[in-house]
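K.L.:
When I checked TrEMBL for this same protein, it listed these features:
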ACT_SITE  CYS271  active site
ACT_SITE  HIS329  active site
ACT_SITE  ASP352  active site
BINDING   ASN392, ASP394, GLU442, GLU447  Ca(2+) binding site
DOMAIN    263-355  domain 'Transglutaminase-like'
Amino acid sequence: IAAMQPSTNWHVKENARDHHTSKFSSNELIVRRGQAFVITFNGIEQPEQNLTFIAETGPKPSKQAKTQATFGISSTVSKESWSAVLQSTSSSSVSISISSPANAVIGRYKLNVQSSSTGSSSPATLGTFVLLFNPWSSGDDVFMSNKAECEEYVLEEFGIIFAGNKHHINSFGWNFGQFQGDILNICLSMLDRSLNYRQDPATDVSHRNDPKYVGRVLSAMVNSNDDQGVVLGNWSGNYEGGKSPSSWTGSGEILQNWKKSGFRPVRYGQCWVFAAVLTTVLRCLGIPTRTVTNFSSAHDADRNLRVDEFYDASGNHLDRGADSVWNFHVWNESWFSRSDLGASYSGWQILDATPQEESGGIYQCGPASRNAIKEGDVDLDYDCPFVFAEVNADCMYWSYDPATGKKTLIFSKSTLIGQFISTKAVGRDDRVDVTNDYKYEEGSRKERDIFKKARKKLGLEDKFDPTAPTPKEIEQKPDISGKFKVAGPLEVGKDLNLILVLANLQSDVKSVHVNMTAWSTVYTRRPVREIWKDSISVTLSPDE
């Protein structure tokens, strides 16, 4: 028998319409798992009952790893495995409907066909296709029952990102561009450049059926730390040798630059750039994803669910701890089920590609179940303590004496962190506030109980600092309160007028010496330089 050289019609347009992949600009077939697609091929002389199909992906396809499937023609679709159902035949061609299981590995597949009656004839290649996650299919881990949400979180190419600070929330547009030219191939090569793939390609590919796994790997690959990933972070204020983070307007240019340069990190990004690029990649692969902005966002470096800030006697900020509070921080939420934790933890999952703290030895974060964060279940995978602190840490302001190492608490605030948590509305450019999905109402008893529960799960009892061997932390009730008020409008390039309001909280006369300093900072409140310094002495009557 002459060697089979079939030619294949992939019905790209019709299949793409059925699979919600029409927006991709590709001649290659792109379909979603757990759903049938139709192909027609000719050049096969055998009765179609004798045909066996082989679909395989990754460098070492195997049945055991579920990266290879062999299946013949059957009369019905199988939910559990790959299957092929005959649609029609003519003298020269065969039309087949092929279905993949809802938990199939995603990625680029090679499809071969073999005729069983010829015994040892080698399989003929029909070609390649790409298989993606399917939020429209009820059997898929990423299934989203609301069709308008599928449209927004998978198919929408433009978005709005919120930034600024809690007093002045602003927003800007972003072009995610997940369907542009080469973006899908770049997203697939991100997976193939991950540390996990480099260490064990076959095992890595076999895990690509799991959105938890894919999301976590990509949260590491979007930043350049550890793995020569896509974007190099820079918060210094000096962006020589690259583009200022605020000058980007879309992900396409960033991802294409990464590929064009031979996969060298693109300079430079800050949190919204990491989040926007991760949105692009996850939407491209079919995982419903959105960007979320948290105002007054805590970066708790030492897992004590507190942000500790230190000042010296002159009021200078001391660079003692690694904790900080950012004016805003942008991360991602992706929608999928959590069979590893239980149904109540399914739904929106937090992923964060900004390199802040290592997790499992590399800069990656999530997926952390949003429901777990709200309920204080910080012992669950992945990175819940860090995310819980971002929205709910207590702020402690300390006066620190370098000579004795004594810390005196100036004041603490438990309602400061995690405000106006924002995302774009479905189908509209409005801001939707999702703060109540992250925590119970600030200041409520329930919120405090959850905070205590979280600390307890981390082995932090309710004293100040369980890590300190000696009680070097002292709480001091303030005699005097002071705060700055802004007088007049805040305008870029104009002088800033401040009023310092002092109050004597005691019933006797107080003489005070006040030290004041002002620094310019970036949005993470990392001090850049001192811009002003002054001091005054005043005498305050009782309660004045």
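Here the Cβ of each residue, glycine as well, is placed from N, Cα and C on the backbone.
What TrEMBL says about a protein is an automatic prediction, not a curated fact.
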K.L.:
Would you identify which of the recorded positions ASP352, ASP394, GLU442 has the most other C-beta atoms lying within 10 angstroms of its C-beta?
P.N.:
ASP352
K.L.:
Per DSSP, what is the residue tally for the domain 'Transglutaminase-like' (263-355) in helix, strand and coil?
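P.N.:
The counts are 18 helix, 41 strand, 34 coil.
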K.L.:
Give the sequence-ordered set of same-chain residues, not counting ASN392, ASP394, GLU442, GLU447, with Cβ within 8 Å of the centre of the Cβ atoms defining the Ca(2+) site.
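P.N.:
The surrounding set, listed in chain order, is ALA393, SER414, THR415, ILE417, GLY418, LYS439, GLY443, ARG448, PHE451.
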K.L.:
Using C-alpha positions only, work out which of the active-site residues CYS271, HIS329, ASP352 is nearest to GLU442 (Ca(2+) binding site).
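P.N.:
Looking at Cα distances from GLU442 (Ca(2+) binding site), the smallest one goes to HIS329.
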K.L.:
Of the active-site residues CYS271, HIS329, ASP352, which one sits closest to ASP394 (Ca(2+) binding site) when you measure Cα to Cα?
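P.N.:
Looking at Cα distances from ASP394 (Ca(2+) binding site), the smallest one goes to HIS329.
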K.L.:
Measuring C-alpha to C-alpha, could you say which of the recorded positions HIS329, ASP352, GLU447 are within 10 Å of CYS271 (active site)?
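P.N.:
Checking each Cα against CYS271 (active site), the hits are HIS329, ASP352.
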K.L.:
Which entry in the list of recorded positions, CYS271, GLU447, has its Cβ near the fewest other Cβ atoms, using 10 Å as the limit?
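P.N.:
Relative to the other recorded positions in CYS271, GLU447, GLU447 has the fewest Cβ atoms within 10 Å.
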K.L.:
Measuring Cα to Cα, how far is HIS329 (active site) from ASP352 (active site) in Å?
P.N.:
10
K.L.:
Between the Cα atoms of ASN392 (Ca(2+) binding site) and ASP352 (active site), find the distance and write it as a whole number of Å.
P.N.:
17
K.L.:
Given GLU447 (Ca(2+) binding site) and ASP352 (active site), what distance in Å do their CA atoms have, once rounded to a whole number?
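P.N.:
Each residue's Cα considered, GLU447 (Ca(2+) binding site) and ASP352 (active site) end up 24 Å apart.
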K.L.:
Using all protein chains in view, find how many other C-beta atoms are within 10 Å of the C-beta of ASN392 (Ca(2+) binding site).
P.N.:
26
K.L.:
In this predicted model, what is the average pLDDT of the domain 'Transglutaminase-like' (263-355)?
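P.N.:
Within the domain 'Transglutaminase-like' (263-355), the model's average pLDDT equals 95.
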